[in-house]
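Novice: Okay, here's the structure, questions in a sec.
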Amino acid sequence: MHSIIFLWLSIFILIFVLLKLLNINKNYFVSFLISFCIILFVLNLKDCINASLVGLNLVIKTILPTIFPFSFICNLLICYDGISLYSKILGPLLCRPLKLSKNSSFPIAASVLCGYPLGCKYCCDLYNLGYINKKEFERLLNIASNASPMFLIGSVGATMFGNTKLGFILLIANYLSPLIIGIITIPKGDFNKNSKVMHSEFKKVSIGSALKTSIENSVNTTLQVGAFVIIFSIIISIIKSNAYISITFKNIEDFLNIPSSSLYGTLLGSIEFTNGCKLISSSTLPLILKLSIISFICSFSGLSVIAQISSFIGDLNISLFKYSFLKFIQGIISFIITFIACIFFVKDTPVSTFPIQTFYIDNKILLIIYCILILSLICTFIRYKKNLHVS
């Protein structure tokens, strides 16, 4: 079986070399991939239809009840200049340590409360309305970028692990990692001045016009996100139904002597993080590694969320590669934070075939230790950043 893996790797390398040597137009290559996807869709028609229905069900039960109302409320706030109001309240707390303008507090708050991809959506809205400049917009995309508390605490903590405290550990790591990215990317210049202030325009908006605009924007955002969820549900279904992919990863895991479904789950998580989290949580990995890998997957967000982000920033001349690279770094930071937290907070006690998560030490002491560890990590990054500026 190892020869099959070697054969596949050789084929991919040869294809890449041929593309470089022949200087083939990128559009031709993309067209070939799309044609290949169509063939896979036809060959797995029943599975793809079922997957699209599963994705639609997820949109109706999860995306629509959460993203639409929250997006509608946020759009109403934007119509009535709520950005200026909340920037005065939240700006000094959220933005001053990161050297962002006060207006940036609005998408950060939206991301903290609702998760992907609303933080990015309102970053784009602020940039288009002139509240922030381009350099701040590029930084803010990675700062206002985290999984939602409902998913981490409810879906992962309560449903997948049966313990909401584990969800809170993941939540803290997913909140801290973008803040650390924000500290790492602090520029030398001062970005605390707004690009443009727009007050008079919002005072003249009627309630009917505000409702119409808010509903239209909310519907467009919800449909856009829902479409990506359905598309990537189909892609995940094609991968799951392909025996060659699962066998290849099974043999790689056996060859490297690592638990079953660990690499396979990470692959699916890198494409769509919900499926990856499900596979990792049900694998035979130690609990600490399960949580750490899930933390990485949720912070990295996966190709599904990155595709959603690209649809928002596609016309704004922003580097998607830079955003994706910083998301990957954010995932690594989240992995490290979760791993350190689990060493102190979580203990595996094997009973039968399932580990029981036991929390020990007083919760206040745990909180103090956790804060000290995180502050030490942040101070290290700040010092490293200052040394870079000096050199």
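Using N, Cα and C of the backbone, Cβ positions are placed for all residues, glycine too.
Straight from TrEMBL, here's the annotation block:
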TRANSMEM  5-22  transmembrane segment
TRANSMEM  28-45  transmembrane segment
TRANSMEM  66-86  transmembrane segment
TRANSMEM  140-161  transmembrane segment
TRANSMEM  167-186  transmembrane segment
TRANSMEM  221-239  transmembrane segment
TRANSMEM  291-313  transmembrane segment
TRANSMEM  325-346  transmembrane segment
TRANSMEM  366-384  transmembrane segment
Novice: Spell out yes or no: are there three or more C-beta pairs under 8 angstroms between the transmembrane segment (291-313) and the transmembrane segment (66-86), with each pair 6 or more apart in sequence?
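Specialist: No; fewer than 3 Cβ pairs under 8 Å.
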Novice: Can you tell me which parts of the same chain pack against the transmembrane segment (167-186), counting only residues 6+ beyond its ends and a CB-CB cutoff under 8 A?
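Specialist: Beyond its ends, the transmembrane segment (167-186) has Cβ neighbours at 97-100, 112, 139, 142-147, 149, 152-154, 156-158, 161, 291, 294-295, 298-299, 326, 329-331, 333-334, 337-338, 341-342, 345-346, 370, 374, 377-378, 381-382, 385.
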